[in-house]
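Undergrad: My questions all concern the structure below.
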């Protein structure tokens, strides 16, 4: 058994096993594919979050644990939120949340937020919970004060409370009242409309039941308070108060009135429960009539008498008592009514045919008493006693309904109360025939009730009857009614089943204002405010399964006539108007007596009568003011008055022909056409000029020919003969006729005009917002019409569906639809004709957000805690200067960008506060007044010590199986000491890099062993510092062959150095030579046979293949012989003789 470790969670793996012995390895056995995963699942979603507390800048939420933890303990939660109007969820818990409560801060006041929660176990993060209800970030509203009952009766309780001490920063806009029954009821809402005041009456309560109430406040921002403290328990019951009557003191004495005057009696009523009321006069109850009106409310009553007469005198008494009654079929006493007089009472609202009897075992006296909740008054006896004896009563049956309905298949039971002494024989009939008992139909009777029962009713149990309309004889005549009154048609109907009723007028549906009412016994039609248009024949149709019946009622409405028809203007002169018309379609039920003709000026609002007794169908109105506009109308009159008018739609001008047009001139001409223009007449004759007539005459002829009519004051006459001379004239025309013609001053020859072209743009620079349309209209001149060409940035302009050119004889227009950034640039316009050529340019600037900054992003300085980056400005600035740059960064382990600087004015920035060793990416966004550009992303960079790689390794000793290499330290160690090196080698020509050292190399020299003779190798070195940062590999050493061959050192020197060198004092001179040898030789310099050493002025600058010394600011003691010595295993080489400096030349300069 073997345990495979370091697998990637979620990856799928296969395993195979091979057996091995001393003779080799056997064939493998392969496992099935398995996914490396935990033996449990991610947890389920937690419970929906709910609000625990909230303020204007924070919300605290809580939630329940998930139902399923996936088989592993939940280690914490992650919380996300979004605005109610947003669609993107943002994680707000920076670390894993322990527990089931989380406070989200940094919220915007008044914004609604939603939250959701995800649980996490060792298998990962589970699905999110359902989103919480939107929660407003608002300060909480304090609860209102405790409600206090101010009024209580058996069904209503009025409560009052105080406003909240703090309204959450917004005005309180309403309250919600909740109630609950005691002892164990649930809270329920008591109001269904908004409550603005701090009091409310709760109605619909149960008598003798105890209730509690509480109040919730709500402000204008939508914040809702916690409920107030509950009120004290309050029981619904009435307080018993004896009835009382309060009237004005003047009504306690005799009130004197004059005949014809009206009087009004008012009284306020008190008592709990509310007493019943009645007015009496001289002991009799007062009833409503046309002249006497009685009104009641719960606590007041009013009696009003109009047009008083002598008989209205008397005593009016208001009482409040209850009387008892008993029907013969019942055994208990009941209240008759609340309207009881002091000494007598008339019992009303009794059922006709019912017998009200008194069962008396002896002689009984009946009594009347006044009663309310306080108690019952002493009884008052009725003066006539009733003797107990058997009664003989003729049979009387009272059918409560004439018709009973039942669905087919259901049962029907009919109970009919009846009275008979002694008991009467009972029989039932159906459709005139005795009813027989069956298994479905049965009937029975008691002393007071008749019963009919039908089981599973069928159609056979119903009766049918053809429809019948019982039309009153008066309706069969013509019904005449005055306009403005109400038409009421009431028609009884019969038929079984109940017929369907349809009303029409003149075979068309009734108008919408008609009111129809149909029952099983009658139908009625009511039309308010009848007018002439309501005249006609009204037809009613009744239809059921037994047949159809129709009847008609002709209605004539007496009204004024409708408007005359077909008003036409017959003639107009400069002082009169003649018109004619036809009679109205509706005469209003009376003959037309005459017509009324009216006029009004178009500047006035009222009509004036011209004639009021016209008996003809035409009329001439005169005199009228010339040039004035008038409206005219005609009205018909009958015995009921003046009808509706018919009027002219447009004003009519009383006018004459216009004057002659002015200033006829030639505006353009070619060899085949001549263009003309003129001005309107000084006076149009009082009527608008409708058109102009243009005529032409060939020179030498007398006949004028019509060219055409024009509504504008310009025209072009074409198809002329080149070289011919023409004369023109123009005439103005209005609705009165033609003016005198205006003749051109002289004949014009048809020939082409030639002059040099010109193009004159109004501006040299135009700007347009990106996405907007733009038209540049540039005037052009020239004869003949010049050819126009456009260029952009020196190249011919390409026409697309967005970019087009429209040329006219006088203008060239560049149209750009939905301007894009590429549309900006220099546009050239060239106009050419035979007379010459003219060029001009215009610049178009497309105003847009800038393009992305130019890259790549450069890393100018890298440290462990900061990186300095720079970039180039965008190639396109959007038509205006870049105002600033937005610099963002992100850790490459996340996808979230953070702002580093949103107002960077330069193209470089130092990004501080970075994590050492973390890898970052940067994004730069340019911004101008029109928006932000796309971002320029940098490559990834690690915040680390930026030290350099070591120098390239060199072979200093080579054998057939070893090579000794050495190198130089990195130029900069990144601020931390170099702690070691790694040496890598590779076989040439195609070997891979492998490590050559297996222990840390501290020195800058290393011996590579185990090499193959005559094989070529390449070496490189990697440095590591104290903080563990690894440098880039050094440059390669180049091919080195492992062999014992050696080569004596040699050098190449400038021949000039073999002779004596003369230099000036103060100058700098250099001695150098190229060196070679195998292995590489060591280099030594000597002066006058003494070793040459580095000083402030003298410096040795040797490399592997080059030897050099530099002497600055030469002085006399620098003279001498300089010798170069090279040494390796193969020997030593010296430049014999060296270079000698013999003397110096000193110069001066004025």
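Using the three backbone atoms N, Cα and C, a Cβ is placed for every residue, glycine included.
Heads up, here are the entries from TrEMBL:
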type	residues	note
DOMAIN	45-140	domain 'Fibronectin type-III'
DOMAIN	143-239	domain 'Fibronectin type-III'
DOMAIN	243-316	domain 'Ig-like'
DOMAIN	473-556	domain 'Ig-like'
DOMAIN	563-656	domain 'Fibronectin type-III'
DOMAIN	657-753	domain 'Fibronectin type-III'
DOMAIN	741-843	domain 'Ig-like'
DOMAIN	852-948	domain 'Fibronectin type-III'
DOMAIN	949-1045	domain 'Fibronectin type-III'
DOMAIN	1049-1142	domain 'Ig-like'
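Walk me through the surroundings of each of these features.
TA: Model confidence over the domain 'Fibronectin type-III' (143-239) is summarised by a mean pLDDT of 89.
Helix, strand and coil content of the domain 'Ig-like' (1049-1142), in residues and according to DSSP, is 7 helix, 53 strand, 34 coil.
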Undergrad: Which numbers of helix, strand and coil residues does DSSP report for the domain 'Ig-like' (741-843)?
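TA: Its residues fall into 3 helix, 60 strand, 40 coil.
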Undergrad: As a quick check of your reading of DSSP, tell me how many residues in the domain 'Fibronectin type-III' (45-140) are helical, how many are strand and how many are coil.
TA: 0 helix, 43 strand, 53 coil
Undergrad: Write out how many residues of the domain 'Fibronectin type-III' (949-1045) are helix, how many strand and how many coil, based on DSSP.
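TA: Counts, helix then strand then coil: 0 helix, 39 strand, 58 coil.
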